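Everything below concerns the one structure shown next.
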């Protein structure tokens, strides 16, 4: 997905949040935002993909600010709340595959870029459980998972990965496939890293691998050899969240299923769904 007109202000707003989280020094904040403006002028162009352009800008800001993980407190709070809510859900609900898919999508609400507060998670989950998927290819996903030999599950945000675990557990119940679970090489906004996935125990559910990059989504020209091998041999690829949609949506590959909440107008418009819609969509480009 190429940048839309809203992406510029979204990136600028995220830069401001990063700066405010990283330092209280007003002069450093001012100079950091001047740098951000220069970086935006460089990276925001008609061929840019939002997730990639934003990541390159954010990582340069991290260097300037001397803070390699300004979202650490937000991520820890998200992790704590998500673990509790996921445990409650597993005790209260009778989970089948389709509900597990829905929960994995609902978990995608945990996102700093849209101003989500982790304290609201339980209430948001209860509310969204009543919603139907606007695009629902979960039956196709179920059939593909059943016959797959290799499955690649690409995670998105910290906290959300506890909801991913619910779906991966269901996948393992219906499939004997080798499951690869991918996280980021290092911190970028509130995305889940390999370290986050391992700390949450996802190694028990599959082989945890790194994308080989800190860029949001999975720009295939920048990923590791290990990730590319898992990607190439996968019979099913489950890609969580908007960043993965932005970087993979133009690839002509029907193995990919996008699971996300359309949290911004640009992504919603690209998907042809209302903002806020829950989506389980097989890649629209067919092999």
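Glycine is treated like the rest: Cβ placed from N, Cα and C.
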**Asked** Swiss-Prot lists motif 'Subfamily I GNFE motif' for one of the ranges 243-246, 247-250, 251-254; which is that range?
**Response** 243-246
**Request:** Have a look at 3-6, 7-10 and point to the one annotated motif 'Subfamily I CxxC motif' in Swiss-Prot.
**Result:** 7-10
**Prompt:** 131, 136, 191: which one does Swiss-Prot list with 156, 157 for the Mn(2+) site?
**Reply:** 191
**Request:** Report, as numbers and ranges, which residues of the same chain sit near the motif 'Subfamily I CxxC motif' (7-10): CB under 8 Å and 6 or more residues beyond its ends.
**Result:** 40, 44, 48, 50, 53-54, 113, 264, 266
**Message:** For the motif 'Subfamily I GNFE motif' (243-246), report the average pLDDT of the model, please.
**Reply:** 98
**Asked** Where does residue 156 (Mn(2+) binding site) sit in the DSSP three-state scheme?
**Response** coil
